[in-house]
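What follows is a single structure, written as structure tokens, with notes after it.
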Amino acid sequence: MLGILNKMFDPTKRTLNRYEKIANDIDAIRGDYENLSDDALKHKTIEFKERLEKGATTDDLLVEAFAVVREASRRVTGMFPFKVQLMGGVALHDGNIAEMKTGEGKTLTSTLPVYLNALTGKGVHVVTVNEYLASRDAEQMGKIFEFLGLTVGLNLNSMSKDEKREAYAADITYSTNNELGFDYLRDNMVLYKEQMVQRPLHFAVIDEVDSILIDEARTPLIISGQAAKSTKLYVQANAFVRTLKAEKDYTYDIKTKAVQLTEEGMTKAEKAFGIDNLFDVKHVALNHHINQALKAHVAMQKDVDYVVEDGQVVIVDSFTGRLMKGRRYSEGLHQAIEAKEGLEIQNESMTLATITFQNYFRMYEKLAGMTGTAKTEEEEFRNIYNMQVVTIPTNRPVVRDDRPDLIYRTMEGKFKAVAEDVAQRYMTGQPVLVGTVAVETSELISKLLKNKGIPHQVLNAKNHEREAQIIEEAGQKGAVTIATNMAGRGTDIKLGEGVKELGGLAVVGTERHESRRIDNQLRGRSGRQGDPGITQFYLSMEDELMRRFGAERTMAMLDRFGMDDSTPIQSKMVSRAVESSQKRVEGNNFDSRKQLLQYDDVLRQQREVIYKQRFEVIDSENLREIVENMIKSSLERAIAAYTPREELPEEWKLDGLVDLINTTYLDEGALEKSDIFGKEPDEMLELIMDRIITKYNEKEEQFGKEQMREFEKVIVLRAVDSKWMDHIDAMDQLRQGIHLRAYAQTNPLREYQMEGFAMFEHMIESIEDEVAKFVMKAEIENNLEREEVVQGQTTAHQPQEGDDNKKAKKAPVRKVVDIGRNAPCHCGSGKKYKNCCGRTE
């Protein structure tokens, strides 16, 4: 009965019926547009823009605009979107996720809503996972938009600011998710409004949306600067950790990836470093370095988590298997790995700006996405991004044969069987794609195939430059390709001549991923557009997923049956157990991402306030009123501190107040105790503010209005940037230890919100105090110019204990700020450091 009701009231079915009706309406007018000349078709863009200006909405234009793009696509590329692609386009325009199977033409589908929304002139961002796909799509699909009179931009990491600004100014901009996030952060660190590159965030269509909004949701984008620190401790901690023995000196939990010293290990450490107590406050740094060295040796594996290339430790993305060049683990883990591998240890970094993809993409007015696999994460898309997942039917039925899993007792038996299966298929000429979850697995299978004399291509983090070419050739007769973790997403595997007759592409999975979605992505490489295909997963009881969730019991059962390594089992019970393990991991990861978002929202609200005010500073012509208000707030606090309400006026420490006023706001001797004696705090405030304004006016007269306005901006920007950097670090420190509050029966999130707010208020007060002091006391130089507090560079996060996907929040970095020679001197003179206290260096 419930099943019948669900079918009757299924909202997805209703949505699809609505989309199908719109697709039929578009199809019904195709003849009108086929008869138009090229010029008449192009003129439709101008007509649509005029109608929008007169009050029409994009929804009003949808049917006609989609029909125009469809016809333009046929003329320019020779491709004519099917009805199911029109339905996918409507889903995207509605701000939803279109789940379309591999080979169903997602890229072409996106052109429909992208064109329609670009007509508003507010800009549309098409987001892809790598620069190869961004460049390819901008070139291929860009021709359609340019034919219709719209401009297309491509935003790449290597571009200058001027080139980026031009790319963002276009009607449609193709970019990677990383570049969009980093450009947003960099825009909020600029010193002049003209240096900004992005426009307000209007509409984004994300290709492979699950990869960006789910897999990478916990990845904070970080812009960091160098912090001067000694590398000696890393070397010493590394040498010590090499002497430790597993279980005896440290314990390692494979589920949570947590490593910690045992009592015996702690005693060893105290002996080795000649100290009494490793947990003494003065040994915090040593303790931290030993823990990071342990993590580097035990939890971080070479060729799985990172590779060593050209003397550098390069992080491997655990989802795509790609190298993340230029990114570094924070909290000293990267340096610990460098020490482990015997490489040159580079300086730690300090965070200047940070944002997660979750919070960046939620800033768009409208967000849409497409992928082949999103249904398993439907709840997360709905709860966090307010996006529905709409499964678009395939143009032709899927005839792929998905075989049940084959389960072996050991890894050795499993890999032998994989090599044997590949060899047999190779003999018949059937192309094979072997999917692995780690670089080392791909190299092991490659070795086994070499021994059998089977030519093959390996696609992993070490050689992803040839990725697209290898993937495109993977469907040719006799091709054998080994790929790590869905490398090659977004690139179609087209079947070569005679391959259909051999059964299509065979996909062989060597391990189940902890996410069903990634298994489905691998399956989806085969059987595109109604082609035949076959998929087979090989598992062993020693696989990480099986070990994590009770493989011991199953192993004992298999032993009782006398099962050896040459015979696999195809058991529905084991397959169900694997799937329930995956569901459990997915649930854990969803909870983890949701919790991170709640914590990150605290920093998001603060970041939005600071960035908004910072923009007002660089956009404003005159900051005089703002600066005066800052001075007044700072002065009010100073007076309140020396004239507490609970004390009698004769107990007030007026000498201290006079000293403070003269050293911070006025000149020596400008205020006497007699001036304020017997007055109420309000009267003191009025009197002192009058004198401050007089001094301010004199300063402005001396240096001229123009110079004074620029001076105010320099001071305010510098104060905001340096205090905000300190605040990010302080919030991180708070975040690290907040979970311990749960032991005191308090809600850690509530505590974090309250303390974070108090710290933010304190930061605002510090900014006001610093601005007041520098504006009133610093001297103005003739060659006045705004300067960055620290030069920034992009960096990565650090995997955290208990974080199954190795995607985690960035950890705090202790700052030791080097004063640049051209920076204002810390003594408050207003001169450059090199002309003041730094003159002797």
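Cβ coordinates are placed from backbone N, Cα and C, and glycine is handled just like the others.
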Exercise. Swiss-Prot has Met79, Phe80, Gln85, Gly103, Glu104, Gly105, Lys106, Thr107 binding ATP. Which one of Asp402, Asp405, Asp421, Asp492 is in the same site?
Worked result: Asp492
Exercise. Which stretch, out of 562-589, 786-813, is listed as region 'Disordered' by Swiss-Prot?
Worked result: 786-813
Problem set entry | For Lys106 (ATP binding site), the number of other Cβ atoms found within 10 Å of its own Cβ | 24
Exercise. Three states by DSSP: which one describes Lys106 (ATP binding site)?
Worked result: helix
Exercise. Does Glu104 (ATP binding site) have same-chain partners at least 6 apart in sequence with Cβ under 8 Å from its own Cβ, and which are they?
Worked result: Val84, Gln85, Gly88, Gly372, Ile392, Thr394, Asn395, Arg528, Gln529
For this session: Return the residues near Asp492 (ATP binding site), defined as same-chain residues 6+ apart in sequence whose C-beta is under 8 angstroms from its C-beta, sorted by sequence, else 'none'.
Result: Thr102, Gly103, Ile471, Glu472, Arg528
Exercise. Among the binding-site residues listed here, Met79, Gln85, which has the most company in the form of other Cβ atoms within 10 Å of its Cβ?
Worked result: Gln85
